[in-house]
Amino acid sequence: MHSVMSMLYYTLIIAFLIGTQAAPKSEDNGPLEYPAEHSLPSTQQSNGQHIAKAAPQTTHGRFAWMPDGTEDLNIAMDQNFFKKKRFRSSRVLFSTQPPPVSRKGQSTGFLSSAVSLNRTARTKRTAHPVLHRGEFSVCDSVSMWVGDKTTATDIKGKEVTVLGEVNINNNVFKQYFFETKCRDPRPVSSGCRGIDAKHWNSYCTTTHTFVKALTMEGKQAAWRFIRIDTACVCVLSRKSGRP
């Protein structure tokens, strides 16, 4: 009887140790779209402004924000937070004023470092070279900074609310997204420009990619991958009855 109890005792100890080792040990087990727990610091009220206060992080890496009774939720963040490469995207910009846009909607780059938090260069990223004789784009696209995005689809296909503004060093920074989309699905009557309409059906369509952006879900704010428009491409299909 004594030996049976001893074996049962050791069995329970081994089962406990196995269960302990199987438990998550760090924040790395959280979903990819959420930052580490030290990414969003606790906020404080300053200069009489009402700023939301961060609650402890949940097990899924989300950050709960408790409004202080004001209607407008003002999220405060540390400027050094944006220096983390994993949260940086060349298509996402936090700025106190609209980014400059050159003629035909082409971006001329980020604002100066005193105004813009993103240091990734985007100088004329979407500017096309001067077209010589006989050189034309298959599809016409338009690029612009979008600063009024309120909702978006995340990487899981769920609709989320995009965080419009954040408070950094008592300055309100707006979240902008650099998007590219088709100007016209059919730049010519037959579809895409330069395509043999005798053998092919064609049309221009906008394609998407996912970028990390600050979003809100209820009273929780976190980084998530959201879908934005990034290019205009030509879609081809062979006409039926032709080899």
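The backbone N, Cα and C atoms fix where each Cβ goes, glycine too.
Among the candidates C192, C232, the disulfide partner that Swiss-Prot records for C234 is C192.
In this structure, the C-alpha atom of C192 (disulfide bond) lies 6 angstrom from that of C139 (disulfide bond). With respect to C204 (disulfide bond), the closest of these disulfide-bonded residues in Cα terms is C234, chosen from C182, C232, C234.
Taking the disulfide-bonded residues C192, C204, C234 in turn, the residue surrounded by the fewest other Cβ atoms inside 10 Å of its Cβ turns out to be C234. Between the C-alpha atoms of C182 (disulfide bond) and C234 (disulfide bond), the distance comes to 10 Å.
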